[in-house]
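Trainee: Here's the feature list from Swiss-Prot:
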type    : residues                      : note
MOD_RES : Ala2                          : N-acetylalanine
BINDING : Cys45, His67, Cys174          : Zn(2+) 1 binding site
BINDING : Cys97, Cys100, Cys103, Cys111 : Zn(2+) 2 binding site
SITE    : Arg115                        : site 'Important for FDH activity and activation by fatty acids'
MOD_RES : Lys233                        : N6-succinyllysine
MOD_RES : Ser247                        : phosphoserine
MOD_RES : Lys315                        : N6-succinyllysine
MOD_RES : Ser324                        : phosphoserine
MOD_RES : Ser351                        : phosphoserine
Amino acid sequence: MANQVIRCKAAVAWEAGKPLSIEEIEVAPPKAHEVRIKILATAVCHTDAYTLSGADPEGCFPVILGHEGAGIVESVGEGVTKLKAGDTVIPLYIPQCGECKFCLNPKTNLCQKIRVTQGKGLMPDGTSRFTCKGKSVFHFMGTSTFSEYTVVADISVAKIDPSAPLDKVCLLGCGISTGYGAAVNTAKVEPGSTCAVFGLGGVGLAVIMGCKVAGASRIIGIDINKDKFAKAKEFGASECISPQDFSKSIQEVLVEMTDGGVDYSFECIGNVKVMRSALEAAHKGWGVSVVVGVAASGEEISTRPFQLVTGRTWKGTAFGGWKSVESVPKLVSEYMSKKIKVDEFVTGNLSFDQINQAFDLMHSGDSIRTVLKM
């Protein structure tokens, strides 16, 4: 099948705001420096829902969404040397070419090699590998895992341990890696420190896990949904609070609880007002606040400059700061050796045909991650 078009099932988003439609699509063979992957498991993430809602200015339709997946290489295009058919892989929405100035700088993981075409929903040569009913269908985040087969750039693939369970490690393609890395890479949480985590969804739980692994002595979880508190404590939160239980601002509450503020705070929602609260809950002189959640396009953050003048640091993170191709295999190994949790993030499994139900579960707040088995 290597040089053949493959016909398979995919969940196509024909237009914004409508449920996904399971369709038969054609997936063209990989061109030079591309890899065609048989996806075996994929999860549903808020970023998929954000684009589907129509709020994403980079959103193009029709499109095949999905960016938390895992599978097996079916075939490779010309010039691909590091991957071969049969390899077990995780597609990556942040590539690692190893050559651009971003890849060569140890301070960042934001490879820019294919950023422009990826943002337009196209492969690096400016075209799509997907067609459905005679129409070209856009790619998404360079991954498009809501399809039985997908084509990705060879710099957007992590080769992983073939014994890893794909219906679990697919989550390392986004949420878990993002939250865990926000704590250990971006904030560089220190042993004995105090942390506050705003938003206790999948990413927030991964931040808590990262703070715990880094040796934080006190981790405060913050969410308006108290149903999430028990799970947060399982992951390592020392205590959990809801802003709705207090008459004063949540930052004032935290400053009082912690004798001046926390050493590290993390915003895992994408709400600019909460980002401000997280910064202002950080300790004067040394507190660090990390923006992990992605706010809607056009939103702006604000605080009084005095907050920064008096020694607080405001940072942001994408994919937890991990250089993707080299780091994801290591994260899989950390999971296999039980250093990090993954299974505990999976709150349910559904068949691929039930993908819209997985979105409903996510919106209800009742699930952390639902994994679809292809």
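Glycine is treated like the rest: Cβ placed from N, Cα and C.
Each of these features: where is it, how hidden is it, and who are its neighbours?
Mentor: Less than 8 angstroms from the CB of Ala2 (N-acetylalanine) sit Pro29, Glu74, Ser75, Ala85, each of them six or more residues away in the same chain.
Cys45 (Zn(2+) 1 binding site) has a Cβ environment of 23 other Cβ atoms inside 10 Å.
Of all Cβ atoms in the shown protein chains, 22 besides its own fall within 10 Å of the Cβ of Cys103 (Zn(2+) 2 binding site).
Of all the Cβ atoms in the protein chains shown, 15 others lie within 10 Å of the Cβ of Arg115 (site 'Important for FDH activity and activation by fatty acids').
Remark: Lys233 (N6-succinyllysine) has Gly221, Cys240 as non-local neighbours, by Cβ distance under 8 Å and separation of at least 6 in sequence.
In sequence order, the list of same-chain residues 6 or more apart from Ser247 (phosphoserine) whose Cβ falls under 8 Å from its Cβ is empty.
Remark: Lys315 (N6-succinyllysine) has Thr186, Ala187, Val288, Ser289, Val290, Val291 as non-local neighbours, by Cβ distance under 8 Å and separation of at least 6 in sequence.
Under 8 Å, Cβ to Cβ, and six or more positions away along its own chain, Ser324 (phosphoserine) finds Leu92, Ile94, Pro95, Gln96, Asn109, Cys111, Ser156, Ala158.
Secondary structure at Ser351 (phosphoserine), as computed by DSSP, is strand.
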Trainee: What's the CA-CA gap between Ser351 (phosphoserine) and Cys45 (Zn(2+) 1 binding site) in angstrom, rounded?
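Mentor: If we compare the Cα positions of Ser351 (phosphoserine) and Cys45 (Zn(2+) 1 binding site), the gap is 16 Å.
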Trainee: What does DSSP assign Lys315 (N6-succinyllysine), in three states?
Mentor: strand
Trainee: Enumerate same-chain residues with a sequence separation of six or more from Cys100 (Zn(2+) 2 binding site) and a Cβ-Cβ distance below 8 A; give 'none' if the list is empty.
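Mentor: The answer is Cys111, Gln112, Lys113.
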Trainee: Among all chains shown, work out which of the binding-site residues Cys97, Cys174 has the most CB atoms within 10 A of its CB.
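Mentor: Per the Cβ count, the most surrounded site is Cys174.
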